[in-house]
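The block underneath contains the structure these notes are about, expressed in structure tokens.
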Amino acid sequence: MLHISDTVCSCSAVEQLPTITVHPPKSLIALPFDESITLTCEAKGNPKPVFRWTKNGQDFYPHLENKLIKFENSGSFVIPNNKGLAKYQGKYRCYASNKLGTAVSEETDFTVPTPPKFPKERIEPVVVKEGDSVILECNPPKGTPPVQLYWMTMGLQHIEQDERVSMGLNGNLYFSNTLVKDSRSDYCCFASFSAIRTIVQKTAMAIAVTPLTLPCVASGLERKPNLLVPSGDQSQINLVTGEELELECISEGFPTPKIEWTKLGEKLPKRSNIKNYGKLLTISKVTEEDSGKYMCKAKNSVGETVHYFHVEVEEPPRWIEEPVRTQVVTIGSDVHIKCHAAGKPPPAITWLRDGKPLHGEWTPTQSSDLVLYFHPPVYQHSLSNDTGVYQCEASNTHGTVLATANVMVMNHPPLILTRDYLEYATVRGKSVTMDCRVFGSPPATVHWRREDPEGSVEEERFSIHENGSLQIHTAEVEDMGKYMCYATNSQGTASISHLSMTEPTRIVVPPQDMEVRRGSTAELECQADMDQSLREDLEILWRKDGIDIYSNFTDDSGYVPDPPVRLFLSDLRDRSVRLHWVPTKDHNSPVKEHIIEYEENHWDPGKWKPLLRVSGNQNSAPLSLYGHINYQFRVTAVNAIGAGRPSKPSERYKTPPAAPDRNPENIKIEGHVPHQMHITWKPLLPIEHNGPGLEYKLSYRQLGVEDTWTEHTMERHLFVVKDTPTFVPYEIKIQARNHLGWAPEPRVVTGYSGEDLPLAAPEDVSVVVLNSTLLRVSWSPIPQAQLRGHLGGYSVHWWRTRSLLTSKEVPAEKQFLTLTGNRSHTMVPGLKPFSEYRLTVNVFNRRGNGPSSSPLTFTTPQGVPERPPILRATNPQGDSITLVWAPPLEANGILTGYRLQYQLINETMEVDEAHTVNISGPDTTQLVLPNLKLHSQYQFYLSACTVVGCGPAVSEEEGTVRDGIWRISEAVNTSQSFHVIEGLEPETVYTVRLLASRWPDNSSLFEEVFTTRGKGMAGVSESISSRGWFVGMMCAVALLTLAVLIACFVTRNKGGKYAVKEKEDVRMDLEAHCVQEETSGEYSDSDEKPLKRSKRLLEGDVSGDDTSVDSSVDYEDEDSEFNEDGSFIGEYAGHKRKLSAEVNGHTTMTA
């Protein structure tokens, strides 16, 4: 095994060129309310840099100025804002020097503005004739930008401006022509300097307009346009990329001229905007494509005039290729410093070394190439005195950029970076490589020698690589010992390494083939023999079919790593540090990653938070930090088992305070109520404050209307703007600051003020009825001005007013459909056929619903009827079945009749060809179907129909009876309690029915199947049948049943009413009697049972199953009655069914 430990190199002795780390700002303006002004300049280097300043090109010594505040080991100084501040105005540059060279900062322009004032003067009144043009000059004083100009009266009323009267960019007030109403003596120009919170006023001016007589007005008042601004026929405008282009044309004339803008040869850019009543053309954030020739035309009914603007968009210098910031080279090598800049006009390149211009053989030449690639200086065979800081400065009329290249020419004796006495171990017969990493200037020569015992490394088994490493290809026991690496240039040093040899590891007991029973345990043994020095590092790997199944076989496997130790910090900077640690035991599971956490003792003391995750093979990491935080750090190692315990905390490191790095995010602008705008944002985290005194500056202005920002400073993260117009766009920006300064310039977001309910209803509402249940509705969208908020969508409401079948009004049950977004049509489903509806549409925003459109009335056409609620097959005969049904609950139109289909079902449940019967009578509810097959099962399907078609069908299954001869007895008197049937054949199956003679559908009151006895039992049968008690009992039961039913029938015909439950109880009693008689055992053999179908129907009747005709129907006694033919009278309505009192007709076939 090979053991290697890298050495941590202390860089305290390594010399470094100075580098400016914090430049002073390019521009500084001393504002009256600033307590002080700071010129910053920080640098790094070794030795520590010494700072000096120049002011206006002359040496300036801050340490000699008693009023200034200086800092130790820093080039920054503070100028207090008190008397005598003006003497410090000028252009400053900072220099940081050590013995290796000098770094130069960018130039800072420090301005101390004087308070702006209008001169005190007496201005004579301007006397003009009516119709003449007038210019009132403002000539605002110079001051700290930005400046806003406006014209008001002495009573602080704004001068009304329009196409005739307007203010120019220079602040002058222009009258294209005057009217008598313009006469007044209090025209005042005001200048507002928001940065210094100052407003100054110019002396009031007067205009006296002399009215013209009527003849003069008619004759000489009209005149063609003449431009007041700009003068001449054309102008040249130069500006920088990203700036705003402003072109202004103000004309005089009568009638008042109108201004038109064009760009010759192409359209105006989309970013263009015409302001100030057409007199000002602006283009924001101009690019090179905006260059060209623009024309303004002023015209009226008398004539026109034009002016041309030649616009040239230029750009300040920018780097195409900057010099490499740091180059460390050895003596004798060549150095190339590239400096490639672009700009418009092309920038001039100036080279400096240590802040001074380069001269002589190093002076670079400028290429004539338009790309402006400057041939860099090339130092042939560099010397140590070439070390220095080289600056490349690119300048044109729009600015200057400065790039720095640090060239460090090293002259260093050989430095062996590999740690001394590094031990190597290998297995006999294997290869081993011993390192010797060397740094030197000029490059050093490396060679090896064997010291103990002495020997040569010149054999074939030894080779020295270019990086200085010595490799032994096949190690032997005699190779053990000490080896020395020599590195030589001007002087040498040595690094001693020790090589030890171990015996190879062998498997002495390999696993054996095994056969085991499934589900049992199998143990495979593997014993190894190794060198005792490698015992702790033994690792046994198992594989199954070439795939690892067990990867670690050491005594301490399965544990998390031990915590790292020896945490320390290096490269301490204002906003970063490097954390180092030393890994410990990983318990034979390699460390996958290190988790670095931090704790600070101000905002959340005692709570550790994750900061960074790095790879497991790292033992140091750079950490980015926030300002004004007292940090300490700890490290946790993680392997495949899990995370170990954290290390002990590092020493604390407190970063200096600084301005905030960023501004708040997630700005939300909401209008919860009209005339208000709620602005909220996500505040900075406490750790992001970077210093004390954090607060926010909220700025807002109405988009496209206001030029000046309204500003509020606060510590909270909520603000309500009141008295806003309803739903108008605003620009909002929020900037953070603390006692150290402002965060970067914030981005501008757009939001809207409070919403109100929409004012208008959708117009042009129309419908197209697509079918009996579907409708297409469309409308015209609401204009944005009447929406008064963010469009939420549209709502469609509809309700049914009446049925066209009955012409009866129905209760209004409103339904609605909500559509989000900008929609102008939709589909309305689920309508009822043959009905009248009304429909409205309304728009809604976040505030609520707007007014509904006028109700639109429409009707739906007829549709197909619903399924008939019930179909019963009754009174089956040998070749016919009677069908009874109820009309559908919803006809969905005018019924034209019914469609009946039926199919024959054979014994294998297969169906025959379907037969169709069209029933034309819409009021028909009963049909006798003839010409059916004997003893056959049929499936019936019944649909109701309108002119549109037939609806879904209801089905029923029934069969015809076998072909038998029915014998009818004489009429039985209701007073009789029994009846004797004679002349029956022995061992024959009979069916007996008890019928009511006047019931219309001949349905049976009682039905039973029995088998007569054989001849051997004739005596017994004859004995039983001759016994009067038995015959009497049977007849009594039959007559009693007949009497009860006749009584009920008579009562019903007289208008009486009886409950369904009472009728069901009577039927249940009758069936109970039948069952009792069937099981008495005296009339037939005990093993003779009714046929299966009779039994199923009987059980269905008793249980009240829906498949039973008798007990599955509800009756509406008040309205339901039967005609003599058995058909229904009355209307089927609701969930109740109107059927006959009894619809049975199930016939048991005899054998």
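For all residues, glycine too, the Cβ spot is worked out from N, Cα and C.
Annotated compositional bias 'Basic and acidic residues' per TrEMBL: 1086-1099, in sequence order.
Under the heading compositional bias 'Acidic residues', TrEMBL lists 1102-1124.
Per DSSP, the domain 'Ig-like' (18-111) is made up of 7 helix, 49 strand, 38 coil. Annotation comment: TrEMBL describes 18-111 (among others) as domain 'Ig-like'.
The feature domain 'Ig-like' is assigned by TrEMBL to 116-200 (among others).
Per DSSP, the secondary structure of the domain 'Ig-like' (225-307) breaks down as 3 helix, 48 strand, 32 coil. The feature domain 'Ig-like' is assigned by TrEMBL to 225-307 (among others).
Residues or ranges marked as domain 'Ig-like' by TrEMBL: 317-408 (among others). Mean model confidence for the domain 'Ig-like' (317-408) is a pLDDT of 68.
DSSP places the residues of the domain 'Ig-like' (413-497) in helix, strand and coil in these numbers: 3 helix, 47 strand, 35 coil. Sequence annotations record features per position, and here TrEMBL assigns domain 'Ig-like' to 413-497 (among others).
Annotated domain 'Ig-like' per TrEMBL: 504-546 (among others), in sequence order.
The domain 'Fibronectin type-III' annotation in TrEMBL covers 563-658 (among others).
What TrEMBL records for 663-756 (among others) is domain 'Fibronectin type-III'.
TrEMBL lists 761-863 (among others) with the feature domain 'Fibronectin type-III'.
The annotation domain 'Fibronectin type-III' is assigned in TrEMBL to 865-964 (among others).
TrEMBL lists 644-666 (among others) with the feature region 'Disordered'. Beyond its flanks by at least six residues, the region 'Disordered' (644-666) meets 560-565, 567-569, 572, 574-575, 577, 579, 581, 597, 599, 601, 608, 625-638, 681-684, 688-692, 694, 696, 717, 734-744, 746-747 of its own chain at Cβ-Cβ distances under 8 Å.
TrEMBL lists 1077-1127 (among others) with the feature region 'Disordered'.
The transmembrane segment annotation in TrEMBL covers 1029-1051.
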